[in-house]
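Here the structure is laid out as structure tokens; the discussion comes afterwards.
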Amino acid sequence: MRTLWIVAVLLVSVEGHLLQFNKMIKIMTRKNAFPFYTSYGCYCGWGGRGWPKDATDSCCFVHDCCYQKLTGCSPKWDIYPYSWKTGVIICGEGTPCEKEICECDRAAAVCLGENLRTYKTKYMFYPDFLCKKPSKQC
């Protein structure tokens, strides 16, 4: 279900923030967010609960925590300035919210890139009901 929601959001907001995050993920991993990360493990994609399944899923958990710390921002919808050069993502000048959202996304994309070796296809499209353990705290 969360995968369908992500796809719908991406189709509606083609110029929005989620597409920016997808581009960062593509830069760092050479994989598109959909289908590789939109419903991976217990935390990659919309929402999250339970315990991260591996280091890749932990990147998404930390990203969720980063978003939770932002106050007065709309991290899933705000558009922010950024650039990249030879695989390095640089968050640009913008509002304080834009800078913080960009840094959350940049850190997650870098983390996913650094943990490509932990990526397991068995966690792609992982069903939410299998994420039963008590949720990890931020």
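Every residue, even glycine, has its Cβ placed from backbone N, Cα and C.
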Member of CYS91, CYS97, CYS111, CYS131 annotated by Swiss-Prot as disulfide partner of CYS102: CYS91
Swiss-Prot Ca(2+) site partner of TYR43, GLY45, GLY47, selected from ASP54, ASP64: ASP64
Per Swiss-Prot, cysteine bonded by disulfide to CYS60 (from CYS42, CYS44, CYS73): CYS44
Candidate cysteine (CYS65, CYS66, CYS73) that Swiss-Prot pairs with CYS138 in a disulfide: CYS65
Cβ neighbours within the same chain of CYS102 (disulfide bond) - under 8 Å, at least six residues apart: TYR80, PRO81, TYR82, CYS91, GLY92, GLY94
